[in-house]
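Engineer: In case it's useful when we look at the structure, here is the feature table from Swiss-Prot:
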type: DOMAIN; residues: 4-95; note: domain 'Core-binding (CB)'
type: DOMAIN; residues: 116-298; note: domain 'Tyr recombinase'
type: ACT_SITE; residues: 159; note: active site
type: ACT_SITE; residues: 182; note: active site
type: ACT_SITE; residues: 250; note: active site
type: ACT_SITE; residues: 253; note: active site
type: ACT_SITE; residues: 276; note: active site
type: ACT_SITE; residues: 285; note: active site, O-(3'-phospho-DNA)-tyrosine intermediate
């Protein structure tokens with residue numbers, strides 16, 4: 001399949017990756033396998049022994065055909081991207097060792113990685129989580145903080161970063177919360193009584209005085225609570241109660257959307273609540289629009305008590 005001179009080049013390339021580029025053994029093995037697949041495809045494509053000339057003259061059609069074949073064989077986007085990176089790396093090595101000049105392969109972009117949505121939790125898993133999250137914290141105000149924060153995320157669909165940025169100013173409106181999310185997109189989310197009640201209870205026993213513009217969720221030392229700290233609490237929860245491995249703060253945001261959809265909320269309203277579509281400013285948001293959003297939300301939301 002391969003001309004002996006090609007195998008010698010591959011061996012030198014592997015040594016280069018290990019000794020000069022300091023690549024891990026795992027990476028070198030993966031790259032070698034990807035290059036091997038590429039050269040096997042080249043052999044099949046040309047119906048001939050693969051020589052250095054075949055490698056030099058490989059055109060864009062051959063390379064794209066190889067990528068397409070990998071896609072048809074159900075390789076993940078990450079695997080396809082890594083394969084292309086491996087072959088590009090080999091070609092770069094050939095350039096470096098004066099085996100060839102600039103090649104067409106460097107103009108081919110890696111496929112965009114598919115962004116997988118986090119899996120949602122069942123309503124039973126959510127109920128268990130909300131019921132038992134208070135068991136972690138060791139201090140009453142921390143326990144109440146954990147519950148208030150988790151209920152807030154599940155009841156509003158906020159990103160963890162958005163939830164941890166909530167201040168006392170956000171609590172002044174009794175009907176809804178106004179959030180400026182990613183890309184400066186504004187959205188309006190109705191308050192559920194259970195959320196405001198829990199936050200109020202938490203603030204009443206919080207041992208730190210806060211200004212109106214300071215985030216209300218604090219760590220044990222009084223500083224702004226960090227996402228990693230809260231997710232550690234969730235790890236304890238899911239391990240003790242045998243909850244799904246994908247349970248994280250963000251999975252409650254996804255569950256918020258999934259459960260609303262299951263309970264009859266329309267997709268447009270859910271997109272608005274999640275901040276996936278731009279909304280007008282609050283001033284341009286008519287009272288009718290707000291009332292409609294509140295109506296859809298409160299009638300569909302699984303936890304309304």
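The backbone N, Cα and C atoms fix where each Cβ goes, glycine too.
Can you tell me where each of these features sits in this structure?
Structural biologist: Summarised as a single figure, the pLDDT of the domain 'Core-binding (CB)' (4-95) averages 88.
DSSP classifies residue 159 (active site) as coil under the three-state reduction.
The 10 Å shell around the Cβ of residue 250 (active site) contains 17 further Cβ atoms across the protein chains shown. A helical conformation is recorded for residue 250 (active site) in the three-state DSSP classification.
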Engineer: Which one of these active-site residues has the most other Cβ atoms within 10 Å of its own Cβ: 159, 253?
Structural biologist: 253
Engineer: What does the DSSP secondary structure composition of the domain 'Core-binding (CB)' (4-95) look like, as residue counts for helix, strand and coil?
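Structural biologist: Across the domain 'Core-binding (CB)' (4-95), the residues distribute as 76 helix, 1 strand, 15 coil.
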